[in-house]
Structure formats: structure tokens, C-alpha cells
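One structure is given here, and the rest of the page talks about it.
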Amino acid sequence: MTSIRGLRALLALVAALLLVPGGAQAATITSTASGDWDDPATWSGGVIPDTPDTAVVDAGDEVTLTGDVTAGGLELKGTGTLKLSGRKLTSSGDVTLGGGHGTPSAISGGTVDVSGELRVQNTSVSNVGFTVTNGSTVFSEALPGDSAASSSWQSSTLTQSGGLAWFMGHKLTGALNPVLHDTVVTVQGTNDFGSAQLSLTGTGPVYFEPTGVSGLNGPAMLSVGQLLVTGMHQTTIDWAGITGGAADTDRVNLITTAAGDVTDLIYSDNSTTTFGGPLTGESLYTTYSGNPRPAANPLPSVSSSSGLPGHAAVGDTITCAPGTWTPDGTKVYAWTSDGDVINGETASTFTVTSAELGTDVKCTVEVTVSAVTGTAESSNAVHVDTGPVATTPPAATSTRTPNTSATTGDVLTCAPGVWSPDGPKTYAWKRGATVIGGATASTYTVVPADLGASVKCSVSVTVAGETGTADSGAVSVIAAPASSVAPSISGAVAGGTSTPGVQLTCAPGTWSGSPSHTYAWKRGTTTVATTSTYTPVSGDVGGTLKCEVTATTSGISAAATSTGVAIANAPDNTVAPAITGAPVAGKTRAGGQLTCAPGTWTESPAFTYAWKRNGTPTGVTTPTFTPTSGDVGDTFTCAVTAIAHGLTALPVASSGVEVVATAANTVVPSITGAPATGKTTPGVALTCDPGTWTLTPTLDYAWKRGSTTVSTTSTYTPVAADAGHTLTCAVTGTANGVPSAAISTSGIAVLPIPDNTAAPAISGSGVVGEALTCATGSWAGTPDLFVRWLRGQEVVASGSSIYNVVRADRGAELRCKVTATTLGVERDATSAPVTAKAAAPITIDERPEGTITSASTRVAYTLAPDVTVTGCTLNGTALASCASPINLDGLASKADYALVLTLRNEYGEDETRTVSFSTDLGGPSVSILNWPVVALGYSRMDLQFQVSAGAMVACTYDGRPVHCTPAGAQVLVTDPGQHVFEVTATDAYGATASDRRTLRVLAPERFLPQSVTVVASSATTIPASRDLRSLTIKAPGLLAGPVGGDKAAFGLRVYVPAKLGSYTITVSDGLRSSETVVRVVASEEVVVDETVGGLTDPDAPLVCPKGTAGSFYSWYINDKLVRTDASNVFPVKLVPKTGTVSCRVNDPEGGLQPPIKTLIQDGVRMGVTLTPGGAVSLGFSGGGHVQIMLAGESGTGVRSASAAKAKPKRAKYKTLKVIDKKVRRGWTRVSLGRKLPKSGWKITVKLKKGKRYGKPLVLSKG
């Protein structure tokens, strides 16, 4: 083994050791049908694969996950399908995606974690995320007898950390980008991963193991869309697999990617050779070992300065690109013409001479590294043409003037010229002497790369296989002038605005180079001038002028435009300003505000103001001005200045206004005649007293309702329209022709006549003893209100809006009468009547509402005077006490209730009241915390429960009661197969909850269980997996012997001593033996009563007869199992008020005993037994009547005497005797007075309470 193979084998061994599972007992379980993973019907033997098992999905089966799964391994066979359904599968072992080339397996929709080997054969993967941790991934080669190994991946991922990855000759299609971190990679065969991106991260060696050689560009060992490499990865090539027939010049192609990267190696006959030099990716590398031969990839190539690829003419230069050599070294060039070496030509370039006409010219490159010379490699060929000649050369032109200049974006056209002989033409364009790639049309669009260069076209004509080529003259590519400072306009009147008649000047701005300039003045898109200056005209008003400057260099032009100047007219006054606010034209008084109206102007301007006194500015610049007493005798004007479009007009002044002296009020006016200060009503005459004035003025009056003048005389009588308003009187005094400011009186409120707008109304029930309330209605204004209460027409109360109904009012109509008064004016209004009636006989003070969650509640009430409760029932059953509060206890956990109270009211009439409610007490909860799912036969399960506080529990195994407590149970499992365990919790109200589980019991590996627990000084039978009678049994310290056989189960009967401790039983058949530990423990700390009891005392618990040591007790309510534990005492709080309670003793010696029943009716308990001599022994916890009925069997029990196999009929009974007897609490004996029939009998005992008999207890034989 080589050192490389040894290292990789060691890594594989370490990885395998890490994957060896512990001592779990694993099985291989194969599907037998399509179905859910957790359905036993899906798998062989009905066994669901578990943690240590390997699951095999067979061909044609489709298995679906319904939850996350952990397994020891997974194998998908051909056409087998696993649907993950969004779940996760965790495998501690291998996962194989198998199938043939035409019969692939399939997996979809979830995640898979693999700790072993992930083997990919022929499969289809969709939407699956694979994670391999410290395991291995194998992309398999074709299986024996199969044509190929391929997998299809859609929307899936593969991430591996550590371990190994093998590419063994696999084809991968679809979408998968594997990520391998710290992984050892081995490549064998030919692997095609299509467009996949392969990522190598971290560290880890990469091994290539070729088995044959291939030519350059032959099939690669690994083809990917992209190779992404980070970290350091030592690459090693193992040549040992290549045997005989390979030469040193042959190659092995290792990696190709979609980007065209090719990595190949020259074969060396050394057994193992590592190769030095760059591989693919910055960090994927190899190291030197020995002196490998240099190899070229890509190979050398030549190109001609001719415009026609692959062709050259005499005088053209051919350049040799040497290719890429690995390793690289000293290069030697040689040139050949039709295979003959051209002497003396050893440079990398060659100039064609006439000697090469008609031949193919190639270059040959040879590289030497460390005295090792690689194989010389030849380039492609360039043919030296002897073809047609251009008698008129081609011409390249632009569309500009002159046509030998162009700039970016211009289209050049090539005229081919005249050729002898003529033939098909091809075109090429050159930038200087360099051919422009892709430019092969007769036209060419200039690009930025051409700036500063000359461009020409090259035309080739081919006739009879020979080609002639000629170039055109050059077109100079010049950059267009560039503006760095834009043109600008000067001379505007105000910033960006000017007026007609004012000359504007255009400055051209700053341009690159030294171009010439032309100008264009534009109004919108219309050119109005072409000089550098322009004077706007009236036609420009409303528009914006801009200046466009065009700069030209060598026929190449560019334009730039200035910012605009708006042309507008200045404002013009058409109506002069005027002063408003003077009482008379041209005159005003001190204190009267004046306003300057600006007049009318064109252009919608803004305004400024200036006020002048006698022609001198006052400094006031607001639109308004108020003269003072110091201004009397002065004349004021205002000047208005208009501004629009940034243009200011000349000021225009108003006419003048003189300030003159006028009358002044010294005592304010007042209103007299109101009936109350500040108040009056319509129809009362009022007088306006003008007060005192200076200068003895002429007086004017104005009565105002708010701001509306209603009269101009000195007196005024309010009308209805004034109601709700305030009246004032304004007095004006006029002297020297100028009126004073109006002086107003204080206001007089005009109150409306108190008319009723909404009648009074009474609220309240009208029940005697309760209050009525009078809503006084709505009235005009806010009058004073007075309330009277009327019984018919009689006033029975007054002064309050509330009236308490008295017994004298019963049956009478009650009204409230309201009197409204405003300033002595009165109006009345009366409500609608309310008939008084008797008071409510009962008020429910406390009651349950809706649905309650307690088994007890209460109803409290208050009775009206002279009212009594004559009875009460709950769901039709009379209650013992109806006094308030009524306590309702022992309610069912879920039921509807109606409490009916019967009343007699104060008038001797009977009524009822009903209180309805429901109960919903919820229920207990129970769950098994540690269910094992699978167990070995003849072993013990120690189960743990979680149970609601206060609930009792009962357990069954395959329907048989087993001992348990609220904490858990110890269950001995025996026979192999499927078994059912159920734990049921019951609360004090009878509500239940269960947890039911299925157990798979495997075939036993022992004769007896591994351990059992037995109560001291008792006996027990330990179940056995086979007949022990022929085996050797050793039981030191115990008395033990085999039992069973025939129809009885096999077992070992053991009698244990009183001494506590552990004892060992050994059973052997001569070939194998097993040991069983018997743990002897003290009795459980539970309440066990020595005698049956609880019948005669309703406050005592029920007691079941005591069994032998190790017994447990099954308790039933109404024949439903509710409790299985070691106590024979049933707590009184769990005893129902009505129903049947039964107990059965589960005795380890006597087995399950017959039930003992107690009947409870409305809290009274009854037990019945039959005594020797034909008497009935009765036990009661309360007195009452009892009915005892004796019946004898009268039927034959079959359909006919001849039908030997007829189905049995139910026995028929004939009543023989009925005894009715009054009984008291305690025990009593009742004689039946006759012998019991031998053919069969039935004794029925019923307890009578009230008028009804309750549920019976039955004793029978037959």
C-alpha cells in the first residue's frame, strides 16, 4: 500500500470507529405496504422502527412521516419513496438512497441528519436538507449489472462537517451545491456534477486516483459549474491505478468548471507522484515531488495584425502567445511555414515576407524547467494570402464636415474601393493598428475608447481561395468641446427679471479647448436673435429668454444654455388710492380708524404704504391709521407703491382727510322701564336715556337686537321675536358736521314667556313602596319650576320631583303637575298618568348566573311585607328547606338546573319565581410520564403518573384491574404481543379523564421476571414464560413450587416470610438459567379497616371486606371503575348522593372477589344481604319505607325443547310476595315467610323516600 492510500485508509478507519453504535439491540425492519411511518400496518410484523433499528422502504412502497423520527439507519430501495412532510429524520447509522438507473428511489420535503454514511446511488431528491456530521458521503459508481449511477436534486442542500467524501463515477443533475468542511475528498472515475457549485472550506486533503490517461480537454475526473475553495487543501494525484501503455506525453484531466478552467497533468511513470503548481481555486494546491515535465494549458496561439482573423499579408506582423505552462520556465520560440522551420526566427513575433506567400505560418514553444524540457507545442496557423489587389483603396468617412473627423456616437461608413479581381468582401475596423473585436460590418459607431485615436476600415476580398486585404485612410476621433462654466445673461433689471427695452448680453461661459462660438436667443423654443446681445420687445412679455451657445472645434460641436430671464411689465395705476373710514367726505374725528385703499393697478402687484400729515411723512407704513386728539386741525394723505415681477412703480397718493373736533359722551346712555334689573319680557315698553354730551350735539338712537337695528326712536316695546336675545340702545351725537362714535347702553335680556314645549313625564314602576320621578319637561327660557303630585285631581304631595308610592295609591292614577314662572308670568303642564300597583313580593339578592364551575352555590332573597314562601323545588324535587339563603350542594359536574320558589303575596295570590343556571366543573387530568412503548416479556414496568390534585385513579391492563396510586403503578408484563394499559382519573364530582397506551411486548429471554415485589408474610404467583415443572428451581429462604398446566397459566407459587429483604430464585433447564430477585417489603401505608362498614352512618366512609396480605381493591360508582389501590376504605367525600358504590377485593390468593354493592338515594345508604333461613338483612343510614319483592323463575330458558343449540332466553319471573315495611336507621331483619324456590329466584329491594321509590338492589339465583 502506498503512503497516500495508507493515510486515507487510516482516516476511514477512525471515522468508522467513531460511528460504531453502543450495545443497543437493533433490528432491520422492512416496509410491507405504503402508509404512515407510525402505523404498525406499514411495517413487517407490525413493528414500528425505533431508535436502534434500520428502516428499509421496499420497492414500490411510499412511507410518510407524521412526526420527527430517530432511527439506527435508513435504506430506500429502487422505486421506494420516503415523504418527510416537513419533518426531521435523524440517523445514527447509514442512509442509502438506492435504486437502479431506470428504477430510482425518491425522498422529499424535510431534513435528514446522518451520523454514518450517506450513500447516493440512483435517486430523486426534492426539497431535502442533508447534514452529515463526522460521517461520510459517497456519490456511488454504477452498481454491478447497472448502466450508470445518477441522482436528480431539486431545491435541496448537502452540508458535511468532517469525515470522508467519495466521488466514484457519478452523474448529478438539478440543483445541489454541496458544502464540505474539514472533509477528506477522494475522486475516482468520471464525475459530472453539471452546474453544481462545489465548496471546500476549512482544511482537508483532496485525492485524485486516475485509472487511465486522456488527451487534452478529454473528460475530467470531476466536472462542476463552479469550484469555491477557502482554507488550505493539499491535493495529491495517485498514479498507481494507471497500468502499461501510457507515455510521458499523455495527460489526465482532473477538474473542469463552467468558467472553462481545465487542470491536467502530464503522466509520470513514477508509482506515486505529487504535482506542483496552481490547481483550481486560490487554496487548492499541490506540492512538488521529483521533476515533472512542463505542460501547456491552454496551448500557444498566434494572431495577425491583418484585419482578417487567421490571415496575413506580406508586411503584417504575427505575434505568438506562448500559452500557460505548468510548471513555467524558460521559453524557446520557433516559426514554421507549411511545417518547414524558418531559419533565424526565434522571437515571439514574425514579420511576413514574400517567401511565405500562400503558406500557413505557425509558432512552436518549448519550455524547460530544472533541466527537464516539456513537449514542444504548436500554435494555430495564419495563412499568408496571395489574393486580389485594391486598385482604388477603401475609404472611411464620417457624416461631419470635414468627413475625416468624428466623435463618440458618430457612425463611420466604409467604402470598399475597387478590386482586381473582385469577389466577396469582409470588413474589419482598426483603432490605430489594433483590430477592434466584433466590428465586422461596413459601418462602425464610434465609442469612448476611440477618443484621441484614428480609426480606419480594413477590407478583405477572397477569390479562388486567396485573400487580399487593404486599409482605408484614417478618421480622427476628437472629443467634443465640454462646458465647465455655463453661459450667463447680464443686464436684467432685477435679478432674473427684466422689461422690454433693456438690452441683455450673453457671456459664452468656459469650454475645453479653444472653440469658436455662435449664439441663439430663445423664447421657449423660438429663436429671436443670433448675436451676443439682445433687447427684449413687447412680444417677449410673459415669456422667458435664454441664451444657447454652440462651441465648435474641428467640426465637432456641443451646445450649452444659460438660465432664463423672465420678461414682464412694471405695475401701472389706473384708479388712484383713497382713504376710507371717514364719517363724512374729507373729514373725520379723533379716534376713528382710517384705511388706505390702494386703488387699481395692472400686473396684480404687492403694495407698500406711507401716511403723511400735511404733506410730511409720519413714519406709519401700515394700511390703517387712527388719528388722536393731537391731530385735530391736520390733514392726512396716504401714498401707495406697487411691486410686481420684481419691478417697482412710482408711488401714487390719495386725497386728504381733515381731522375736526366733535361731541364727546360724558355720562353713558341707559335703558329704563324694565320690570327687573337687566331683564324684561315682550310687551313691556322701554325708554333710552341718552346720557350727557359735550357741544350740545344732535342725538340719534338705534335699538339693537344683537347687531340688528330694530328701532331708531328713543322708546321701544319688545316683541316676541326679541325673546331669548339682548337689547341695547346706541346713541350718536353730531357736532361740527361730524358724528361721534356710537355709545351703547348696557344690555337688557328679553326673557321668553314660559310656554311648555315638552310635557312633563313620570319614570318608575309605580309599585307601592318604590319612588316615582317627575321629569319636568321643556319650557321656553329658564323659568322657575314648581312640582305637585296628583292622585286623580287631589294634590297628595308638592315641592319635590320624587314621590314614594304608598298603599293608598294602589289602583289610582298618579300625575305630576309643573308650574313655570318667568318675571311673574305663569304657565302649567301635567304629565301622563301612572297607575300604582302592589309591591314586588320577592327580591332575589344572590343567585348563580349562567354557567358555574362549582358543585355548590346558594340563592338568597328578601320578601316584601306579608309575603311568604310556600315551597321550593330543584329540577322538580322538593327541597327540605326553602329559608333564605338556600344552599345547593352536591351538584352534578355538568347539568342544567331550575330552582322554583312558590310565593303567596300580601293579597293572598300565589306566584312563582324561577332561578336557572348550569354547572360545568371541567374535569380532572391524567397522563403517563414514562411510557416505554416496547418491553420484554416477563418484566416489570415502573410507571409514573401526573394526576390532578384530589382525583382518584383506577388502572387496567388488557381490561383487568391492576393496583395503582396517583403517583404511578408497577405492572408485570408477560405474554408477547400487543397489550393495552389505561389509567383513569375521577374527581369528586364524577368527571373523568383517561390516558390509554399500547404496549408491544417482545418474546421473553427469561423463565421468570427479573424482579418482583411482595408484601411480607404473604403468598404470590410469579408468572412464568413456560412450564417450570421439569426445570431446576432454587429459592433459598423461600417456599416455592411450580403451578399451571392444562388450562391454567404457568407460574411459580411463592410463600414469603415476615423478614424484609431480597431473596434470589434461580431457574435452570440445564442449558441456560435466569435469576429473579424477590423484594419483600412491608405493607403500604394505607388505611385498611378490619370490618365492613359505612352503611348505617351517612357521615362515615364505605369499607370493603379486608383481603389477605398484598390485596388491592377495585371501587366502582354506578358500575364504572374509579379507583384501584391498596386501601379498602372509600372516603365519604367521594360517595355520591344518589347512585351505586361497589367494591371488589383483588386477593393474591383468592383472586378477584364478587362485588359488594351499596345503594345511595338522596344521601340515604342501603345494603342488603340474604341470611340463612330465607330472611333479608337490611342496613340503613336513615329511616323510611322499604319494599321487598320476592319472585320465582317461571321460564324454561331456551326457545324450544328440541333446539339443543338454541340461544338462551332471558329468565321469566313471577311475583310471589311483596312486603312493605317501615325501617329505621341501623340493621334490621325481615323474614320472607316462605322458602326460596329451587328453580331460581330474585329478591328486589327498593327504598321509598317521599312519594317515590328509588333505584332497586337485586339479589338473584337462576
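Here the Cβ of each residue, glycine as well, is placed from N, Cα and C on the backbone.
Heads up, TrEMBL stuff is auto-annotated, nobody curated it.
Positions annotated as compositional bias 'Low complexity' by TrEMBL: 386-407. Annotated domain 'Ig-like' per TrEMBL: 294-373, 481-563, 577-648, 669-732, 739-835, in sequence order. Taken from TrEMBL, the feature region 'Disordered' applies to 384-407. The annotation signal peptide is assigned in TrEMBL to 1-26.
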DSSP helix/strand/coil residue counts for the region 'Disordered' (384-407): 0 helix, 10 strand, 14 coil
Outside the compositional bias 'Low complexity' (386-407), six or more residues from its ends: residues with CB under 8 Å to it: 357-358, 413-423, 446, 451, 455-459, 461-464, 466-468, 470-480, 554-556
Tally of residues which DSSP labels helix, strand or coil - the domain 'Ig-like' (481-563): 3 helix, 45 strand, 35 coil
Model confidence over the domain 'Ig-like' (577-648) (mean pLDDT, whole number): 91
Per-state residue totals over the domain 'Ig-like' (294-373) - DSSP helix, strand, coil: 3 helix, 40 strand, 37 coil
